Structure formats: structure tokens, C-alpha cells
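Take a look at the structure set out below.
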Amino acid sequence: MTTHLPAATIEKYAADALPYADASSVEAHVLACPACRRLVAGQVDQARLRAIWGELTDRVDEDRVRVPERWLRRLGTPAPVAKILVCTPSLRGSWLLGVVITLALAVLASRTTGGGDLPFLAVAPVLPVVGIAVSFGRAMDAAWEVGEATVTGGFPLLLIRAGAVLAACVSVTAVAAVVLPADGRGALAWLLPSLLLVVVTLVISTTRAAMPYVAATISAIWLCVVAIAAASPRTDALFGSGAQAITAALTLAAAGVLLSRRHAIESGTLR
Amino acid sequence: MSSLSLENVGKKFGSTPALAGVRLEVEPSVTGLLGPNGAGKTTLLRMAATVLAPDSGRIRILGRDPAHPHERVEIRRRLGYVPQEPGFYRNFTAFDFVDYVAVLKDIAERRRRHDEVRKVLDYVGLRDHAHQRIKALSGGMRQRLALAQALLGDPELLILDEATAGLDPEQRLRFREMISVLPQRPTVLISTHQTDDVSALCQRVVVLIAGTIRFDGTPAELAATASDRVWVDADRDERAAVSWRTSAGQFRHIGERPADAQSVTPTVDDAYLLLSGADISARSS
Ligand SMILES: Nc1ncnc2c1ncn2[C@@H]1O[C@H](COP(=O)(O)OP(=O)(O)O)[C@@H](O)[C@H]1O
Ligand SMILES: [Mg+2]
Ligand SMILES: [Zn+2]
């Protein structure tokens, strides 16, 4: 960058008389060259300078937005939400990889052990529960206390993160379910139990119980229930269409309770 | 109106009381919360920052009740908080991290948010490190980063938990300067276990020991509580509660002054040692 801006160009730029492309290249040069910046600053009026400078630094900041955040925004996520999501511990690559491996093992077990899709149906609903438990609160979120003291702290932050974890888990699980052995229950039998377990976990977390414990307990209960159902002659008791209807009703009821108790949810908060 | 008011506040973790019967009114000024480790400073500041609820008693922050959801949001809008262990996303840049907190603080419009982020980073002297990853920043810079996020949105109440811990003397001076010349003059409540912070920075000092408030007044008044109870001697005096050899080579004694000893002007340090030292001996006996 040895050639500085000619005085005539600076004058025209100051008078706002340059075509857009030329003005842009002046700005690009000025951003990198303190000498010309001073010359321009001497000629352009202060208000306009501030406006230009604000826009320039903004553009530079924008270029530095990290890759996952940019993808999320391209997918239509509002920018602030995208920002929060990339700060969600369980949405990190390592967590998602863990989900994928667990599901792969469950699919494998479903195809090889002769138990039909039961291993898969047992495991899939647990994943989002665990994911949400580790996405919120002191254990996993390095900056939880800073976040907690902001207006988004508590329920709003939990909802954004839980929603994102659920969406991520459901997408991955839906893909995995495609390769399940078909035995008439339909590939979506895991979905409602997932939702129910997530919502129940959140509801119980509105009491004084810490979310990781709640998640572990709920998951354990669920696995026991599936084991009992598996031992009985009719596993449809748990995944058949009648059971699905009951699950849906329970989920709705639990969601209602959660909404009414939303102010009590401060799971990141110390008690 | 007081910025923060605690009425008979108590908090237990298990069976150990962390705070007991705390009454405190914090007015707009810089107030130092002084106390040894485990005194309950963090517990108190967490309550003031709306992230911890008391077991008993009443708290009002900026005239509002933090137990009430809507009022709590109103408080959080006006609050800046540096926890004792702020915690960062280490792979984020300084700019990204503060920008994230600005998002959480509901500064939605990007241009305004970025302006605000730049403003606070400038204020704490991190402009040139804004796009460096946090894991590459020094401890002192991280402390300033923690302060920067707290300053977003010009808070009316600024709560700083041990914000000067681990800083070298020059950094401490810069930090005190930043706190004392904040343009909006917020109410500042800062905890520390170092008396020099208090004498240098605070208009008011509250001494918290074992979960109860043992002193509340100006630093000069705190020093005065030790008047007539500090003396200097060439030799160690067994009758003193606390004594140590000073840089001048003499022994400085604190405690019940013997009639034959000449008392000297006490410092905040003396008074604090007397308060906390008396506590230590009371507990060990
Ligand atoms: N989350 C917690 N769980 C259990 N005990 C705690 C917790 N926070 C604080 N304590 C206890 O409460 C007392 C006061 O702690 P703290 O408020 O951190 O003191 P300080 O900040 O003055 O060092 C200590 O005995 C500490 O062990
Ligand atoms: Mg502490
Ligand atoms: Zn140039």
C-alpha cells in the first residue's frame, strides 16, 4: 500500500462527489492507512465521518462472525438467537458427535439383537433430556452466572437452548430412524416420548431440584419402563397408537404446567 | 432512595449459615464489602445480583423486589455484575464474548449493540485486543473483560465480586481509576479481602465476618475503631492480639493496649485486623 490517496480524490470524497465504487475503495484504503485517514478526517465534516466510521467498523465486525453462527443465520435464525445458540454447550460438535454415535449403536442393536426397534426407542428420547440438562446451568456453561443476571437469564435462556437441543436431537434421530427395521410402529414412535420426557424434566426443574439430577432420574425411570414393557408380551402398551395418544395428552398437560411455572425456573441459579 | 436494601437476610447452605440477620442499606456511592474468605461476601453479592434468593428476610434492589418475576427483569435491566469467577468461552474473541452478553442484555439492534460493545471495550482499555481469543488474554485483561460486560448499557448498580483479586499493583490502580471515574456514576458494591482497595476506592465500607455485619461506615471511621488499641515497640509484645514486624524494623501491635505503651494512629488495616483477628481468637478458644 505505497500509493496514497491523491489530494483530488480526497477532496471529491469529502464533497461526497465520488461514485459508490470509488468511495468504497477510498474507505478501504483509509481503514488501513492512518496517514490518509488523517487527511480525510481533516476535510470531511465530523457527523458524516462518524457515520462512515461506524459503518466501516461494523462491516469489519460482521466479517468476523464465526462460521457456525453464520450458517445458523443463513438458515434464517435471528442473529441474537444464533449468537446464543453457538454459546450452548451441548450444541458443540463433540456433543452432537456423541448423539450420532449413541444413535448409531442403538440402530445397530435394533438390527442385530432381534429386539426390533426397542433399543432405539429406548435410547432416542433420553438424548435430548441429557442434552438439555448439560446445556444450562453451572456445570456446563462457563459463563452461566453472567448470563443469569441478565434479562434473558432464567426461563428465556433455557427455552432458547432447550429448543435448540431438541431440534438438533430430533433432526439427527429422524435421520437415524430411517434405517430402523420396520415393524409397523412407524418411524416416529420415539418422538412423543422424547417431548414428554423433555417437558417433564423442565417441569420438575422448576422446583428446587437441580436439572442434571432430574434428567438422570427421568432417564433412568424411562429406561426401566421400557425394560418392563419389553419383558411383557405386548410392547405396544408403550408405543402403540393408544399409548401415543396418552403420551401426547400428557405432554400437552406438562407443557401447560411448565408455562404456568415458568418464573420459577432458574435452574442455573443457586438455591 | 437506597440502591440496595437487605432486611434481616439469612442464607444457609446445608446446616452452615453463610449469612445471618444481615441488615444493609447501600446508597449511591462506592461501597466496599470487606471480609475474610468464607465470610459470605459472594453469597451477599449474588443476592444483590438476583442470581440467589435468600432463605429468610427481604431484599429490595433499585426499589424493586427480585422475588417478583417482572420486577426481577427490571432490576436486571439496570444491573452490571462481575461474579467472583466470571467464566468465559475461551475460544471466543473478547468482542464476541461481550457481544454475546449484550445479546443476553437485550440490546437487539446490531449497530447499537456493536457500538455499545466497542464503547465498553474501549473504556477498559481492550480496544486493541478486541479480536483476540480470550484464551490468549492475560489474567488482568480477562478481569477487564469481565468488567466490560458488566458496564454494557450503563448500569445503575454495579456489583463486583473480588474484581481486583490477582491483579498486580499497577493493574489495581488502573482498575480503581476505571471504577471511580465511571461517567454515569452508578452505585458500586465491590467485595474484597484487601484493605487497600477499601481505603483507596470506597466512600463506605461494610465489614462482613462469619456471615454477620461487624462494621458499617466510612474507611476513616473503620480506622478509628482501632484508636488507642495500636502501639509500636522495639520488641514483640505477648499481650497483643496481633503483632508483626514492620518495614521500619519495629513491632506493630494491635489489641488491648497496656498502660505503659504509647498508642499510634490506626489505619484501616489495623482496624480490620482487630475485627477479624478478634474473631479468629474467639473461634479458636
Ligand atoms: N453454593 C454453595 N454451596 C455450599 N456452600 C456454599 C455455597 N456458597 C457458599 N457456601 C458457603 O458459604 C460460606 C460463605 O461463602 P462465600 O459467600 O463464598 O464467602 P466469601 O465470598 O466471603 O469468601 C462459606 O462457608 C462457603 O463454604
Ligand atoms: Mg467470595
Ligand atoms: Zn494512504
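Backbone N, Cα and C define each Cβ position, glycine as well.
Note that TrEMBL annotation is computational and uncurated.
According to TrEMBL, the features are:
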type	residues	note
TRANSMEM	A:93-112	transmembrane segment
TRANSMEM	A:118-137	transmembrane segment
TRANSMEM	A:158-181	transmembrane segment
TRANSMEM	A:187-206	transmembrane segment
TRANSMEM	A:213-231	transmembrane segment
TRANSMEM	A:237-259	transmembrane segment
Review point. Which bits of the chain, at least 6 residues beyond where the transmembrane segment (A:213-231) starts or stops, bring a Cβ under 8 A of a Cβ in it?
Key: 115, 118, 121-122, 125-126, 129-130, 132-133, 193, 197, 200-201, 204-205, 237-239
Point to revise | Contact call for the transmembrane segment (A:93-112) against the transmembrane segment (A:237-259), three or more Cβ pairs under 8 Å | key: no
Revision key, fill the gap. Other same-chain positions with a Cβ less than 8 Å from the transmembrane segment (A:187-206) and lying at least 6 residues past its termini are 117, 120-121, 124-129, 132-133, 158, 162, 166, 169-170, 173-174, 177-178, 180, 214-215, 218-219, 222, 239, 244, 247-248, 250-251, 254-255, 257-258, 261-262, 264-265, 267
